Amino acid sequence: MQARHILVINCGSSSIKFALIHEAHSQTFLSGEAQNLGTYDAELHWRRGPEHDSLMIPNADHRAALSQLLPIVQGACGGKLHGIGHRVVHGGERFSAARRIDPQVLAEIKATAHLAPLHNPANLLGIEATLKQFPNLPQVAVFDTAFHHSLPEYAFRYALPEQLYRDHGIRRYGFHGTSHRYVSARAAEMSNLPIEDSSWLSAHLGNGCSTCAVVNGQSRDTSMGLTPLEGVVMGTRSGDVDPNLHSHLAMALGWDIEKIDYMLNHDAGLLGLSGLSNDMRTLEQAHHDGHEGATLAIEVFCYRLAKSLAAMSCALPRLDGLIFTGGIGENSPLIRAKTVAHLRLLNLQLDDEANERYIRGLSGTIHAYGHPRVLVIPTNEERQIALDTLQLLH
Ligand code: ADP
């Protein structure tokens, strides 16, 4: 059988990120993004190997952008597109694995939209536009939450009245599942351990950040909850705060719920702490230049991350390794070193030279001899979505 190509699509409210994945190659064939959709500045840009290209598509909506995208994608794969995989952020309790999209699955994704009002409606917009644009191509939805379906109830329930869970689905769901699943499988492969008998801590550190305990290929606990705001410090998201913060800000400052929500999601995290930036590269540079806010943001980020990893270790029977991934995890020796320094009780220690070496897409182990494994593994959510799509279409 000929090797197959899958188009992976990740739709935001005004953007479409895409990647063309070839099942036999780990390198992405073609990738790009349509940005500012629905505005005069709408633009499509893409990269194929070393080549970059872009096209202005004034006022294009999702459907119009997809119609521009198709010839580029078909051109890149010689007209042999096999199917489309969509990233869907929230699958609620309904979806424990990827599903082929049909009218019933579409209706079920719609019924879950209230759990992720910022993300799922945008994902749906993309799916519906793609179904209209490519009616003959099989399409699959891959959910960020699905990997965390294996959480035991004592890990996914909040200590809240039962009726809130039963009638309204208020529980911890977890996100970044596709990434935690991909890197833990890679970690097992790299360590010559069967994934069915292995035990990992995983730290996905991008703009959003989360930790996960993966036992025998299943998620057993994770730091994000009902929404992607819970857990560790992120670029602009606060992570955990005292749940009474809302009422305190309402009473003390007269803030309404929208203002508090906006602050916690967009003005907090590394940006709020540093008063400078949500971007770790900028903060590291400023820290070296003596910026106190940047230094504090980095210290809080690493300490809170280490605390979360230590908490996740409660879910492990033993530790086969700690995995760093995401833009920060894959590229920042400083953050890895500062985080691991807080985890002495797990006996973790880095080899400084190896820690400096594994950046810019390199994967490898960075622990000191005689200590538990610490691995740097570039995540590849697009590839995992493509593999899930292929498996379902088989
Ligand atoms: P997203 O969650 O949007 O996919 P990424 O996984 O690309 O984001 O991660 C973005 C984060 O990675 C940013 O904070 C960025 O500064 C950080 N990052 C990328 N390269 C480096 C680097 N060399 N050193 C430190 N941080 C880095």
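Every residue, even glycine, has its Cβ placed from backbone N, Cα and C.
Annotated features in TrEMBL:
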ACT_SITE  ASP144  active site, proton donor/acceptor
BINDING   ASN10, GLU381  Mg(2+) binding site
BINDING   LYS17, HIS204, LEU205, GLY206, ASN207, GLY208, ASP279, MET280, ARG281, GLY327, ILE328, GLY329, GLU330, ASN331  ATP binding site
BINDING   ARG87  substrate binding site
SITE      HIS176  site 'Transition state stabilizer'
SITE      ARG237  site 'Transition state stabilizer'
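Shown on the structure are the features that TrEMBL records.
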residue: LYS17; record: ATP binding site; Cβ within 10 Å: 17
residue: ARG87; record: substrate binding site; Cβ within 10 Å: 21
residue: ASP144; record: active site, proton donor/acceptor; Cβ within 10 Å: 26
residue: HIS176; record: site 'Transition state stabilizer'; Cβ within 10 Å: 30
residue: LEU205; record: ATP binding site; Cβ within 10 Å: 28
residue: ASN207; record: ATP binding site; Cβ within 10 Å: 16
residue: ARG237; record: site 'Transition state stabilizer'; Cβ within 10 Å: 26
residue: ASP279; record: ATP binding site; Cβ within 10 Å: 16
residue: GLU330; record: ATP binding site; Cβ within 10 Å: 22
residue: GLU381; record: Mg(2+) binding site; Cβ within 10 Å: 23
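Using a 10 Å radius centred on the Cβ of ASN10 (Mg(2+) binding site) and all shown protein chains, the other Cβ atoms total 22. Checking the recorded positions ASP144, ARG237, ARG281 against ligand 1, the ones whose Cβ sits under 6 Å from it are ARG281. In the structure shown, the C-beta of ILE328 has more C-beta neighbours within 10 angstroms than that of any other entry among the binding-site residues ARG281, ILE328. The distance from the Cα of GLU330 (ATP binding site) to the Cα of GLU381 (Mg(2+) binding site) comes to 14 Å. ASN207 (ATP binding site) has ARG237 nearby among the recorded positions ARG87, ASP144, HIS176, ARG237, GLU381, counting only those with a Cα within 10 angstroms of its own Cα. If you compare Cα positions, GLU381 (Mg(2+) binding site) sits closest to ASP144 out of the recorded positions LYS17, ASP144, ASP279, ILE328. Here the Cα atom of ILE328 (ATP binding site) is found 22 Å from that of the residue listed as 'substrate binding site'. Ranking the recorded positions ASN10, HIS176, ARG237 by Cα distance from LYS17 (ATP binding site) puts ASN10 first. Within 10 Å of the Cα of ASN10 (Mg(2+) binding site), the following recorded positions from the list ARG87, ASP144, HIS176, ARG281 place their own Cα: ARG87.
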